[in-house]
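For CYS24-CYS43, CYS36-CYS64, CYS49-CYS53, CYS68-CYS79, CYS80-CYS85, the entry in Swiss-Prot reads disulfide bond. For 1-21, the entry in Swiss-Prot reads signal peptide, with the evidence type similarity to another entry.
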Amino acid sequence: MKTLLLTLVVVTIMCLDLGYTTKCYKTGERIISETCPPGQDLCYMKTWCDVFCGSRGRVIELGCTATCPTVKHHEQITCCSTDNCNPHPKMKQR
């Protein structure tokens, strides 16, 4: 009986682990950590300048992605694959 229970526990843990998805920081009204949708296993941080760059700094976008986005003119993009590996630069200063 104990062997059966132990086997069920091990199988359950293995099944739960197979469904694991990455967690990334995401920008919106505020910066939050969210579980990425299935298939989006990378976190990214994209920065660029807009017309207010001189007064407020670069625009920063954080989120999940399936593949690292293509860099466009005047953008900087970094991608990573561990949980919450894309913190906002101001979060790193704490």
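Keep in mind that glycine also has a Cβ here, set from the backbone N, Cα and C atoms.
All features noted in Swiss-Prot, drawn onto the structure.
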residue	record	Cβ neighbours (10 Å)
CYS24	disulfide bond	28
CYS36	disulfide bond	19
CYS43	disulfide bond	27
CYS49	disulfide bond	13
CYS53	disulfide bond	13
CYS64	disulfide bond	21
CYS68	disulfide bond	15
CYS79	disulfide bond	15
CYS80	disulfide bond	15
CYS85	disulfide bond	17
How big is the Cα-to-Cα gap, in Å, between CYS68 (disulfide bond) and CYS43 (disulfide bond)? 8
Nearest-integer angstrom distance between the alpha carbons (Cα) of CYS36 (disulfide bond) and CYS43 (disulfide bond): 9
Is CYS53 (disulfide bond) helix, strand or coil when read with DSSP? helix
Should any of the disulfide-bonded residues CYS49, CYS53, CYS64 have a Cα within 10 Å of the Cα of CYS24 (disulfide bond), which are they? CYS64
